[in-house]
Structures are given as C-alpha cells and as structure tokens.
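A.B. asks: One structure, as structure tokens, below. Some questions next.
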Amino acid sequence: MKTLSLPPLFAPTPRAFGNGLTLTTKCFPKQLHFNSPCLVFSTHSTSATLSVESQVETKQVFDGDKASLLVSELRKNFDSGKTKSYEWRISQLESIANMLVEKEEQIIDALVKDLSKPRNEAYITEIFQVKSSCNETLQELKHWMKPEKVSTSITTFPSSAEIVSEPLGVVLIISTWNFPFSLSLDPIIGAIAAGNTVVLKPSEISPAVSSLLANLLATYLDNSAVRVVEGAVPETTALLEQKWDKILYTGSARVGRIVMAAAAKHLTPVILELGGKCPAVVDSNINLQVTARRIIAGKWACNSGQACISVDYIITRKDFAPTLITALKEELEQFFGKDPIESKDMSRIVSPTQFARLVRLLDDDKASDKIVLGGQRDEKKLKIAPTILLDVPEEAMVMQEEIFGPILPIITVDNIEDSFSIIKSRPKPLAAYLFTNNEQLKKDYVDKISSGGMLINDAVVHVATRGLPFGGVGESGMGAYHGKFSFDGFSHKKAVLYKGFGSDPSIRYPPYTPEKVKLLRAILDGSIFHIILALLGWSK
C-alpha cells in the first residue's frame, strides 16, 4: 500500500490528528476495537504492551484496500440514485433530529469524558448548534433543491435556463477534537442535504465522542450511505489515498496542506477550516464590563480557548491596557472564582501532549516574565488557569503559533489604528474582532482587515448566525459551510439551457454572407436600431 508522508507532520500540534502515542504495530496483526476500560496501555518500554482482562472484539486493520472497497460500495449506492431523492434526505435529517433528543445525555457524557466540558457549554456549543443546523435544513431543503431560474439572452432566443444543484457523489469529512460532535455532525447534515454518500473520520483525540458517533450513526442513519471510520494516522492515510468527490477537513494548517496535497492527486475539491491567530482590537471608547465579559466568553468560556475562532490575542492602546486587564481580572473571578482550576465551568486541556505544549509557551524565556495574571497549572487535572501576558515580544513562541488554550497575550500600541498593520503582517485569520463605539473605526476595520469572518463588539457568536457562511481565507482555510452554504458546498451547480426546435435562424450557419454578418453583429451588439437597419439591408 502506498502511504503519504504523514507521520512527521502529525506531531503534536494544535488540532493535529495524533495524540503522541506510538505503538509498535508489527507486534499486533490486528487492530483492537473496544469500549472497555479493561484494556490497559503500558508505554514503559519501547513497544507498547496490552493487558486484556476481558474479551475484546477484534477487527481487521483498516488499510488502503479496505478504504478502496468502502468508497466503491458508497459510490455504487450513490449511483443507484436513492440519496438524490428529497424523501431520503429528509428521512436522514429527521433521524439526526431524533438522535439529538433521544441521546442528548450520552452525547454530553462523552464530551465531559473527553474534554471535561461543562454540561451547559456542551449543550449550547455542540448539541444546540447541530439542532439548529438540522432544523434549518429540514425547513429549507425543498427550497434549496429547487432549480434556480436564470435569464437568457437574445443570442439563444427562444430559450430558458436554470442552475440545478446536484450532489457531488462520495464525500469525506475529517473532523477535529475540540468540538468533536458539532464539527462532525454539521458537515454531515450539509452533505446529506445535498444528496451525497458520506464517510466521517472523527478525531481519535476525543475517543469517547468518536466511539459514540460510530455507534449512533450506525444506528440512526442509512449505513449504505453514511459510514464512520475510527482510527488515527494509518486510517486517515488510507482514506486520503482514495478518490473522493469532496473533502472537508477541520484542523491545523500544517495537516491541511497534507490533505490538500492528497486531494490534488485526484483533482478533488476541498473545504479546509484551519483556524489561525484571531485578533481582538479593543478601543477605549467601549462599555468596559460588557467588553470584558464577552472576551472571556470568547476565550476561556469557549472550551478553555481550544477553539479555532477563540480570541488568540488582544491589541489595545498602551495607556488603556491596565484598565482592560483589571476589568478582565474582576470578571474572570466572577465567572470562575478565585481558584479557576477548581471551577466546574472551565473545560480541561484535551490531552497531556497539548498541556505540555501550552506549558512550553508559558515557560518560554521570552514570555514567562510577561505574565500579569494567572499562569497556574495542574498537570494531573490537565488544567491551566486563565492567563494574561502583556507586551510579549513578536519572536516569543506564544506569538508565533495558534495558542489554542487559555493563554491570552495583550499587545499594546500608541494609536488604535496601528493595530491594522500588526494584523495585516500575519496570515489572514479565521475570525477578527473589534470592540469600539467609533463608527469610522468599524468601517475601516471591515474595509481593511481580511479575515474569514468578522464580529464587531462581541466574540465567537457570529458562527451561530443563520445566513452567514463559516470559513477561512488564505492560510485560515478555503471554502465555507453552515446552513445553505453547507448545501452549496457539497453540491455541483450545473448550468442547464433549454431550447426547442421551432426557431433556427440561418444567420448562425455558413456561408457567412455580408448580410448575415451585419445582422449577426447587430444581434450580438444588442442594439434594436442596428438590427432593424440590418434587416432592411442598410449599413450602420
């Protein structure tokens, strides 16, 4: 089997696939598939050992051959035409809606297990988001599926034209671990709505949700059209070797390049949601308490900063920074108490690997003396207190990569307009935020700053707004989804022109006499006066 050069690029980084655990696979001819806590990993030696205290289900390793067979099965089922019907699409969407109601507690339990997400946060950011997407699609699907009428020109008269949305075929969705449920189900809703067959590869870094998704989708959805492949790098590699009709990947920019390179071999179109360093510019002309609370909600109360649209750093005026820090400190204590590590309202860091990476950012020589709030960490609980750094130098690691955690640098400038050049010197972010009452500053920010999405005087909540696309630009991604944009993203917009046999003017056919040329040019120019002159045999 051919393999992509994935392992070196799948080292522990924000939202990469792997979790840093390496097994000596030559010792194990079969892969173990389990939900039992009785399976114990031991990594004290160079090769991992397994202790099995109860019967464990085994299955064949998912390799390139099995991936190819899976895609062939799904393509055959797609070609049968059943996924194209409105009735099939609606039935699958209704099943998802039922699943969200019937299995709500199981979904929340899995999110708590993987990320220690507060139950209310898990419901709002994961289950409710999917419910909203599913309900909108159920309401609007018939309208979305209708051909879009298009005006025709005199050159094709008489005729009619339309744009037909047709499903692409077999699509691959590779989701990530930070919002493992919503970032898996939301694209699936769009792919099903568009009439495709789907393979979901959930993240192995959130194993409880991955296992639950495999079980729930097998129970609630049509397995001849929707399948889940669990696993890590080998399984993802095997999937990426196949020819797909579309790939949607959510994760790091580094792995996004691998996905795009694999897709390019088959000329497969991609939607890449890759994140980046999302700035928040804070003017002094604001409601300070509301601003502080909304920044906290868009940073620490949003999966402990482990979100691609989380506020990554703040830019504000030097003389206003102490005031802003004081307000953030007061509101953080209101939200999470004096010891935020003990708070049940903050998610933990997803894994020891990610925890260690964040600690390295804090302990960097260029950043460690810039901490003005927080910095406490508990390795056993995988928690880091909300941490603010002031005026970290540009070369510090925390300013060189997407933080993806509860660390927030504040950069100061003399004039708030100076923030524009700082943001523009970096790759285009997935989201950009501005807090101000200055109307001209709002206009300038929208006009001059390029980002996937933008929000004025709040953070994060723009992704829950119906009618707005969600996607990146430049290194923060390409393509968009959510709602109608998901339907469009997984559809081909086919141009169709209808003509009858009743009109067949000879001017379009040789021989091209001078009279024909005059009339044809007059028609192409669209001038009624010149058409009349040509018909009368007169020159212009």
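Each Cβ is built from the backbone N, Cα and C atoms, and glycine gets one as well.
Take a look at what TrEMBL says about it:
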- 69-496: domain 'Aldehyde dehydrogenase' (DOMAIN)
- GLU273: active site (ACT_SITE)
- CYS308: active site (ACT_SITE)
A.B. asks: Average the pLDDT scores across the domain 'Aldehyde dehydrogenase' (69-496) and report the rounded value.
C.D. replies: 97
A.B. asks: State the Cα to Cα distance, in Å, between CYS308 (active site) and GLU273 (active site), rounded to an integer.
C.D. replies: 9
A.B. asks: Which Cβ among the active-site residues (GLU273, CYS308) has the fewest C-beta neighbours inside 10 Å?
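C.D. replies: Result for the active-site residues GLU273, CYS308: minimum number of other Cβ atoms within 10 Å at GLU273.
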